[in-house]
Amino acid sequence: MTKKTIYFICTGNSCRSQMAEGWAKQILAEDWNVYSAGIETHGVNPKAIEAMKEVGIDISNHTSDLIDNNIIKNSNLVVTLCSDADVNCPSLPANVKKEHWGFDNPAGKPWSEFQRVRDEIKIAIENFKSR
């Protein structure tokens, strides 16, 4: 069976989309190729790396990438993770489905916010898998 492609997008490809990519590569790897990107690149937030490390997922080798139109056009699903990405997402080919899963931006917030958002993203991906 050919794997489908899921593309997670947020503003800076720094926190939410990085954590989503990390979770999805663990939870969806059997059926999905997983990528993430941003409208801009802000570098991977060290607290996002630490939050994922806390649950045994290493995203320290991830890079902060701009949206790649080749990945978009070959995706089955594009998931925006913040309102900025939802509004500014490039137009998608008709065959690419888009969903918006809004999460708070933990950047600049207390450590507990990174943990909360990380855990909310995991739940969303588990719910997606069970659809």
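Placement of Cβ uses the backbone N, Cα and C atoms for every residue, glycine included.
Among the features that Swiss-Prot reports, active site, nucleophile is placed at Cys10 (among others). The Cβ neighbour count for Cys10 (active site, nucleophile), using a 10 Å radius over every protein chain in view, is 28.
Swiss-Prot lists Cys10-Cys82 (among others) with the feature disulfide bond, giving sequence analysis as the kind of evidence. In the three-state DSSP scheme, Cys82 (disulfide bond) is classed as coil. Sequence-distant contacts of Cys82 (disulfide bond), defined as residues of its own chain at least six apart whose C-beta falls under 8 angstroms from its C-beta, comprise Cys10, Thr11, Arg16, Gly102, Phe103, Asn105.
Per Swiss-Prot, the feature active site, nucleophile maps to Cys82 (among others); the stated evidence is sequence analysis.
Look at Swiss-Prot and you will find Cys82-Cys89 (among others) tagged as disulfide bond, backed by sequence analysis.
Residues or ranges marked as active site, nucleophile by Swiss-Prot on the basis of sequence analysis: Cys89 (among others). If you draw a 10 Å sphere around the CB of Cys89 (disulfide bond), it holds 18 other CB atoms from the protein chains shown.
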